[in-house]
Every structure is written in structure tokens, then in C-alpha cells.
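S.K.: For reference, the structure I am asking about is given below.
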Amino acid sequence: MSLSSIHTIANLGAGTMGHATALQFALHGYPVYLLDTDSTALQRGMAAIQHDLTTFQETDLLTEDPAVILARIQPTTDNATALTSADFVIESVVEDLTVKQQVWQTVEQFVGPEVLCATNTSGLSPTAIQETLTHPERFVVAHFWNPAQLMPLVEVVPGEHTSKATVDTTVALMNHIGKHAVPLQKESLGFVGNRIQLAVLREALHIIDDGIATPEAVDDIIKYSLGRRWSLVGPVASADLGGLDIFKNISAYLYADLANDTGTDPALTKKVAANQLGLKTGQGFYNWTGDAGKQVVAQRDRDLLNLLKTDQEHH
Ligand SMILES: NC(=O)C1=CN([C@@H]2O[C@H](COP(=O)(O)OP(=O)(O)OC[C@H]3O[C@@H](n4cnc5c(N)ncnc54)[C@H](O)[C@@H]3O)[C@@H](O)[C@H]2O)C=CC1
Ligand SMILES: O=C(O)[C@@H](O)C(=O)[C@H](O)[C@@H](O)CO
């Protein structure tokens, strides 16, 4: 399946990620069937799509009437309606391997062998899903970042049975819908982004747990140093610019002192046991009661939208 042969999208899951990936395809002209098993989730997803469209409109990022874009998205709870005419299927259902295996086995009952199939898993093995498929060669990971309509990156990750053509066409399609697609050479749990995100988080939580710095100080330090620099020059190039001999010398004494827990993170375990899940329960490492969460997310999204505008001006 080539990029020019892809005309219709089936988008499984209308939640946090699925609503946003459906919008991303519709923003770039594709008719999208938005499939969810839960009709309430479907309604919530459509409302979120309309909200996100408004924020794009407010920042002059839309090139079409929002009503035209919205009309491209057809919500449905019916597999046949969503899948029968799809040329590309993107899935954002619950992060559970067994559920994903079942979902993809169902998809294969409705789509031909040439239809490309992509999961937006955060880090599960694509090979583990491919083991249950009739046509594993057309299956791949397309890992978006939250919020998917505002974050450029999509990691395209092959499983052991994924064809090169599947990777190449998926990269081309992601770039065609305005994302920044990066193919991996082979799969790894957590791919690249989440391996680095979780390694940094493990160390950050160790620093907090050890009484070295507060959550606010850790976040400030990253925002005004590595976060600023890495958004311009990545960590590997930064090491080159700083001098690999210096980084080697630092590694000699620091690596042994870094957090190296191998089980579930102890700080996260404590928070989850206390039902302090972050924004969703009003308390995590920060207090999110009242409008705190809405204000932070709204400001983040405004800043991300302005960065998207800058990206567009530079392309
Ligand atoms: N939340 C995040 O920050 C990110 C999540 N992801 C991944 O995206 C996937 C979805 O995550 P979220 O959107 O956060 O989950 P979510 O819980 O917000 O949405 C999942 C949706 O899938 C629907 N669903 C469940 N089974 C289904 C089925 N058989 N067919 C169709 N729809 C079904 C649910 O009704 C729900 O609306 C997961 O694999 C997750 O790891 C990837 C990047 C970031
Ligand atoms: O952080 C993100 O947006 C994504 O890379 C993820 O997959 C996260 O791990 C997400 O699943 C948890 O917030």
C-alpha cells in the first residue's frame, strides 16, 4: 500500500489519544471513521475534537472551515462501518496486550491484506501482537505523544514481521498529516521516547524521595536547562558539543550513583496506593484541585500551538 493509495482512515478508540489522532487525519483531508465500543466515550471524544478544533481556530492554524473538518469524522460503534472501507487503521485502545491482540484479530476480519495497521501503544511489543495476526507484515507501531494533535513526534516501530514497505508508507503518511515521524531500526520495550522519559522520571523521583530537591525544583531545573536545550539540540548532539571526554569523566563517578531500581517505581507505587494519581484525582506530586490543572493544561496547549505555528513558518 503506497501513500497515494490511502484515502480512508479507521481510527479505533476515541479517548485521550484516539480523539486527537482522528482530528489529525481530518485536519489533513482524510475521511475518518472514529470507532469506539463505548458510545459515551464516542460522544466525549467528539466533544474533545470540537474543543481542540476551536483552539486551532483561535490561533489561525486552520486552513479550512472547522465544520468541513469536523464533517470528515464519522463516529460509530460498528466494526463493519468503521473498517470495511479503510485503507489505514490506527488503534488507540486500552494499553493491555490481550485486548490489543483481540482488537487486531477482529480488525483482520474486516480489512484486506493490503490495508496497513498501526497501534499507538506506549511501549508494548508489536511482535507480540503480530504473533496473533494472519498478515503481520502490514502491522506496525505509530506511537504518538500526548496531546497528539499538538506534539509533532510519531515513533514508527517495526515488529519482527513488519515489512519495510509498511514502515516507509507509515512514515510518509505521518509526515503527510503534519507530524514528525522517526522510524526505529528495531523494536524495544518503550521504544526510544518512553525509555528515556521513564529513565529521567526514575531519577527525578529518586532525587525527590532522597530529599535532594522538591518536585517544583526538579521540574524548574529541567525546564530551564535540559528541556530548553534538548528541544533545540538533542542529548547526543549536546554531548558532542560539550565534549565526550568530559561526559566520560562524569560517567565514571556518576553512573554508579544513579537510581537503578528494576521493579515498579517505589514512589509511584506509594502515590497510586494512596489514590493520588495526579490531575485525574486532584493530587499527585502537586495539588491539582480547583482550576489548577485546567490552567496548566490550557497554558501548555497555547504554548504548544505557538510552537506548531513556528514549525509551520519554518517549513
Ligand atoms: N495517554 C497518553 O498520554 C498516551 C497513551 N498512549 C497509548 O494510547 C492508547 C490509548 O490510550 P488513551 O487514549 O490514553 O486511553 P483512553 O482510556 O483515554 O481511551 C481508550 C479508548 O479505547 C476504547 N476502547 C476500548 N476497547 C476498544 C475496542 N475494542 N474497540 C474500540 N475502542 C475501544 C475505550 O472505550 C476508550 O474510549 C494506549 O495504548 C496508550 O498506551 C500513547 C501515547 C500517550
Ligand atoms: O508521554 C507520552 O505522551 C507518551 O509517550 C506515552 O506513551 C506516555 O507514556 C503515556 O502513555 C503516559 O502518559
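Heads up, the Cβ atoms here are built off N, Cα and C, so glycines get one too.
Because TrEMBL annotations are produced automatically, they should be read as predictions rather than curated entries.
Because the structure is a prediction, the values reported are computed rather than measured.
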S.K.: Report the candidate from D36, D38, D261, D301 that shares the NAD(+) site with G13, A14, G15, T16, M17, G18, E95, K100, S122, N146, K280, as recorded in TrEMBL.
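M.R.: When TrEMBL describes the NAD(+) site, the candidate it includes is D36.
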S.K.: Among the binding-site residues G15, M17, D36, K100, N146, name every one whose Cβ is found under 6 angstroms from ligand 2, counting any of its atoms.
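M.R.: Checked binding-site residues vs ligand 2; flagged N146.
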S.K.: Which whole-number value in Å describes the distance between the Cα atoms of M17 (NAD(+) binding site) and H143 (site 'Important for catalytic activity')?
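M.R.: Cα to Cα, M17 (NAD(+) binding site) and H143 (site 'Important for catalytic activity') are separated by 10 Å.
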S.K.: Enter the number of other CB atoms within 10 angstroms of the CB of M17 (NAD(+) binding site).
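M.R.: Its Cβ shell of radius 10 Å holds 24 other Cβ atoms.
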S.K.: Could you tell me which of these recorded positions, K100, H143, has the fewest other Cβ atoms within 10 Å of its Cβ?
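M.R.: Each of the recorded positions K100, H143 was scored by Cβ atoms within 10 Å; lowest is K100.
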S.K.: Could you check the binding-site residues G13, G15 and say which one's CB has the fewest neighbouring CB atoms inside 10 Å?
M.R.: G15
